[in-house]
């Protein structure tokens, strides 16, 4: 009967008839021989007869094992078939001949000839190189040969069982052919060559021509000079689908620790710049409005990466369809096992169909995920580029509403989240497709019961709508609170030095912790809501199946085990997208929030483009022309910042701007730069501009890079600039001269050095117009005079120069002076003209004259007032010489980011787990998950056991009992899921909170040397990206790991219970999977680490750009900075791309192994004699096995991804382990509350360096500052003045020596006790975002009356009273809505409130005019008369009335005495310094000043 059925079915007969195999084999072998013969003839005609020697020589030099093994395999197969041919001839000669056996002999003959010809062809014609693959036709032949050999082996096994095989040698030949074919397939998928350099050519056809070879040679030569691009861009089809192009990098990762240089660049089509311009071209604007909506953002993102999205759509569709092949055939499979066979060899056909479907599913899923992640990388790249581009065009007044921390958050968190959404992009429509396919299969199995299944599914999805809305609300609030925290964190880190000097760091830490508390509140709601959604959807399959089976019972639809198992298989496949639904909903919500936030940011107004008319150099006689100009930082303010501005500046003029603090001087320069919005009037600027900001902006990088600022090196001009800016002497002190790396914001430079470097930067640009904003305030008098003479009057004598200054001695040389007051130009003219024409300038000159008179009086006065020189001030020449001879280690201050190597240690996991209740919940979570799996399997076993196999078998239990037991088991398993989800959420939340608190506490307790050596971007990276991973990603990854591991164990248990032989299959497969994981993880781990590290430069560059945007725009350097961000973007993208490619390389191989294991398990099941196993249980086992490859790949993928994500924990733990400063409070040595009462400071042999690898800055200071006296510290820029002050506050710990205040060694008391008892006005005035009140009294210790009193004393009272909100008037980030001088006065107000016994002024009045300086000095004399005041100043008038003067030179005390005594000695350095200062005020200034008197 079976034979007749086969004859009636021609397809089955055709497949099973062995005589057709030799015929097909002969045909294809003949075809191959003809093609190869044609190839040889064609090449011979082209003159390739003499190529044998060349190719053979190349072959001898081959170092690639694959190539040699391929030739050996071909030769072996040829020899084997020849031997088999002889043996078969001998056997047939002995036993007799027939037609079918003759066909086998011909097949062996032509097979031997084909393999011999291939071997000869490869040796003689195919040129091996490190870039080529085997010809495409040859590789296709090998793949077909492998498939043909596999099927032939199956048929010969069947014939052997029937004892119809001609010879057992043929069976052995088939086994060898399959093995060799598998190796050849693997070889043809490999890139040929070590190093895996980019293949610039399309794959060569089998017929190579001379022209193509010549082109190959030329292109390969060119490739040597090109950038190494990812092999993906030129990989062949089979290499693409198998990810074999990643193999060389994986191999390299096992041979060495991969560095960034080992990873190739992304393809040109995936570069940030190309994607960015595509994105920009697709981003449409509304008519008349540059408004970006979320829809337009999505549309532009789609068109940026449309190719990958469409390909992933195709693969997702193929995957979804292939998933449902097995459930569709499951009922047939169970019936087959029950003995109901429709045709002979039905089992082989079923197994083959299952196997092919799983192969297609495996291939489609891997390419689907890969393409989606590739698209995600591209989307992140364009979003980062777009946010950066917006930052380049954002005006200062817009940025005040969006701090740097918020903008960086958009880049680090929101852009990354949108990138991560690529995983879930297709899930919504796939879910619809899967439900549709599932309903078709269910209708086939359950009839009308499928409608109930659909209704239950719809009900589950409907029930998630309110939870999804809650999730969207929680997510939006979570991101908003994260922004607020990051804003405060960024501000605190940027100003950490002032926080530590004032003893405020713990107060700011508590503010950040409070903000984190708000964020944690929303995070807690978010994770628990997600846990609830997860519980509902994990319980959904059981609910849907119970509903469907219950409906069948009510509708009297008979339930057979085959149909039940088919339905369960469908539910299990449908379970995956339903399980993913909570994550999908969550990601959709999070992505929408992020898209809305980015769209809102991109909708901010750009810098006003029509406010200034830009003219090319030399096109106008006037370089700057303003007529009836009105400008305002806030265009909504009724009172403009600047009004009635009129002036014309011809080329080559020297313009000075002066005025009191807050009069609008800096705003006027900003208006010329186009930074202040124009309200009315006209502004024309002709030529290129260069700008020197009042607060120096220095990039992290080498000194040379800061000066060149993107221009090519012109050595002669470069040296002239260094000389004019007095930088040569500083460079000699730097460990690597101009190659020394400057820390972020120039943190390892003095204020004067930063100022001179940015002046050098401006000079080197050779611009037409130079704008200097108070450039001489941060340098000493001698250096200031030198800069004015060499720069403004020297190199720039033929340039247009506009400079703001408070040093009026630089005014007489100006061609035009503009005097400003209250935002108006009140006077304009030459020095002598305006001196006689108004009172505003007279007030400034009068104050300066008084200061000069005070200096003169000290020069001419006697030394009777204070002439005693302390013995402590004497430092012997021998000691100085001895200190100078001490070797000082030299090295860069800024260190490379820490990078762990090797696998993530077990201690990292241990520490992570113990952060939540000592790890007590982890075993409970595992037990609950195991219990869920047991109950879930039990419920399915129950259905398979009690339902009959066919209609003629009586059910074991009644329908109601069947459903009730199933519902009970399903409910119990659902409850376990709820418990597991809640416990996981609780654990993850606790760990995230503990990690955050510990890391931030250690960061804020770290010494300043940590912040000096660590760019802020690195810290922010951990506080944002790594913290987000710990908050949300890691808990779900650990849950997924537990779920996958327990599920796999359950599947193995189910299959092993049905047929124990299956366990034999799993042992080698699991071993192979484990080996692959170990082989993969070495490269993947380093790629993940490099990817994490590469984010920090991106964040750092972004942060630096935002802080220096005015300087960047003034130099027209936006294109260069845009190029830099694109380069950094590509650096991150290439590392991330190869990291996800490595993951897919692994997953493809694991899926392949799982598919083979699945197929072998099916072979075992169909091979077991009928009646040995229960068909229902066997079908159930297959149902579970359908998810085996998915679960196994998920397990390994989760393990690998978990290790990659644990790098975030590893990076945070690095900061938890950083050394802390000494204790804030030492109870045993706490000083009295009245300490210090006298304020006497004694310094003994003080030696200071900024790090063990850096040279000494202070080299053995010994002196005493008498209590109640005022001491001025002077010296050339970089001599160690500010370092001495930092040591006094223990910002820098002494390397040797000691400091005593009122007899107490400051090294023995707590830092808080020390710093809170001292007061300082720092060199760089700092204000924090908040209000006037919070800036003056951040600790909330004083009443409003006291604050107003302090404001009046520091000359800000009237200014604050004019503001509507008074003390609650807003202060923007870094006090950007206040002038630098006003910020300095606020710092003065702080110390007036604090009233400490010891006050340090570190260039406190550098940014104010002379009149304000005089008022400040009078205020200090009046309110700190009994205090010890130490003043560092470049203005001699600020220290000339001091009781003592300390002069430092190169870290040593040169002089220490009273000013009068030092001035008596005309040879003293101080006397010379005073003489230089007074001489810098021109005699014209003095004469003109006297006229006014």
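Even glycines carry a Cβ here, placed using N, Cα and C.
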1114-1134, 1177-1197, 1198-1218 - the one Swiss-Prot records as transmembrane segment: 1177-1197
Stated Swiss-Prot location of transmembrane segment, expressed as one of 448-468, 469-489, 490-510, 511-531: 448-468
Averaged pLDDT, computed only over the residues in the domain 'ABC transporter 1' (624-847): 83
Same-chain residues at least 6 beyond the ends of the transmembrane segment (1177-1197) whose Cβ lies under 8 Å from its Cβ atoms: 326-327, 330, 333-334, 337, 358, 361-362, 365, 561-562, 565, 568-569, 572-573, 576, 937, 940-941, 944-945, 1040-1041, 1044-1045, 1047-1048, 1050-1051, 1054-1055, 1057-1059, 1062, 1073, 1076-1077, 1143, 1146-1147, 1150-1151, 1153-1155, 1157-1158, 1161-1162, 1165
Region pair the transmembrane segment (309-329) / the transmembrane segment (102-122), three or more CB pairs under 8 Å: no
Around the Cβ of residue 1280 (ATP 2 binding site), the count of other Cβ atoms that are within 10 Å: 25
All-chain count of other Cβ atoms within 10 Å of residue 1281 (ATP 2 binding site): 27
Interface check, the transmembrane segment (535-555) with the transmembrane segment (448-468), three or more C-beta pairs under 8 A: yes
Cβ neighbour count within 10 Å of residue 1282 (ATP 2 binding site): 22
Local Cβ density at residue 1279 (ATP 2 binding site) - other Cβ atoms counted within 10 Å: 24
Count of other CB atoms lying within 10 Å of the CB belonging to residue 1275 (ATP 2 binding site): 25
Beyond the flanks of the transmembrane segment (448-468) by 6 or more, those residues with Cβ under 8 Å of it: 435, 438-439, 442, 529, 532-533, 536-537, 540, 543-545, 547-552, 555, 557, 567, 574, 578, 581-582, 585, 589
